[in-house]
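Colleague: Have a look at this one.
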């Protein structure tokens, strides 16, 4: 195996004579051969890394287990230059590989980027998410279908305090004692009777995470395909959206304490062998576990198995299938493995996820994955309710979002200021004591005035306090009818023609249109 070794900005070729070298053999070869040629002592202590940061540990492990192939670049870091030793992480499989021409690669492995933890991305919870796809006229109005109890639950859910850690969504994100929800559901529905069955269930889930679609089942990650095991032999058949016209078949045969997984493809009626992997069930499945036990107690080292199985079988199988079908090279977000798409979509808000789903059919399928919507639901709503395996997480998210918006609308209405009160009237208007009102004209005996002679004016209490011209200012006007039947306009300034007005030069001058009354001197 030929490798390239970089130390302090200097790169040297190195040839390891062993066919399947381990990390310890590589370390010894570097100390005896490479370090003296670079001017260092063979006793110099160093760390082997792939990214100049994370040291590889486990001298008994083979280089292939870390994804190192011929032509790869490895970096040496002297211990004097390292501030603190780093534990192996999910970035251990990062490598900038120069793969041989006889082994084409489709895309980088999902472990090449260490996505930061999204547990602190819950800041969008206090904001109203303005995605129009769920508030258009095509959707049902929230005020018509949301019950009061659900609204109260949504309001109380927002007031829950505390930290709610997210569960792992993929197998390469798990730690000891953790399994993805999809693996728990799949394991409980499979009815495993031995550790070989449990390992095949895990292999099936890894194929699903890589974007393969199983044949023989309509659901994606709830149940195992039909006739997946027969007479001690396991057989799984898949298709892939990027390999139309080709079928991938996994034949798993238990041999002693090993399981041999042979990958073949069916293209144009022919069958071609692609790859073969040997797995030891005892390394990833705990022995002596009773049926019905939690999957977290059954499986172990899921991160390691996910890296090995995908790097050594899944992605080479996908690349070889495209090569056999003579398909051109593809690039971009659409052709990324499904697990990388899910990890990208998980970092987005729901409005952006729905916008991406409207771009093309492939992104629509990826954005409708139930694993993604379960993760988004737990991130945005922090609901700890245990739900069944057939839960529609996208529909549940939509209902909870509508309830939250309705609860926010109700909470906003509760704190709105009340309408302005009616101004205080200093002079009350008394209701009429006798109903109906007298039918007599105003001013006639027995009319409105005689019913309440104490009040200055019942009809207009405000203007009654304003003295008219020629009257003395006071609290009340003189007690008299509002309208005089003889002189309808009482007061000293009558404007009717023929009336006597003080300071008039012609007090008895007839008005226009009528003669003077000749009977006035005799009266």
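Numbering starts at 1 and runs along the chain as displayed.
Placement of Cβ uses the backbone N, Cα and C atoms for every residue, glycine included.
According to Swiss-Prot, the protein has these features:
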REGION    1-20  region 'Disordered'
REGION    85-149  region 'Disordered'
REGION    92-129  region 'Important for interaction with PINK1'
COMPBIAS  98-128  compositional bias 'Polar residues'
REGION    180-325  region 'Important for dimerization and interaction with PSMF1'
DOMAIN    330-376  domain 'F-box'
MOD_RES   432  omega-N-methylarginine
MOD_RES   452  omega-N-methylarginine
MOTIF     482-485  motif 'RFDP motif'
REGION    494-523  region 'Disordered'
Colleague: Residues sitting near the region 'Disordered' (1-20): Cβ under 8 Å, six or more positions beyond its termini, same chain?
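Modeller: Same-chain residues near the region 'Disordered' (1-20) but 6 or more away: 26, 29-30, 33-34, 37-38, 46, 62-64, 68-76, 78.
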Colleague: Do you know the DSSP helix, strand and coil residue counts for the region 'Important for dimerization and interaction with PSMF1' (180-325)?
Modeller: 54 helix, 43 strand, 49 coil
Colleague: Per DSSP, what is the helix/strand/coil residue tally across the domain 'F-box' (330-376)?
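Modeller: Helix, strand and coil residues of the domain 'F-box' (330-376) number 31 helix, 0 strand, 16 coil.
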Colleague: For the region 'Disordered' (1-20), jot down how many residues DSSP puts in helix, in strand and in coil.
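Modeller: Per DSSP, the residues of the region 'Disordered' (1-20) fall into 0 helix, 12 strand, 8 coil.
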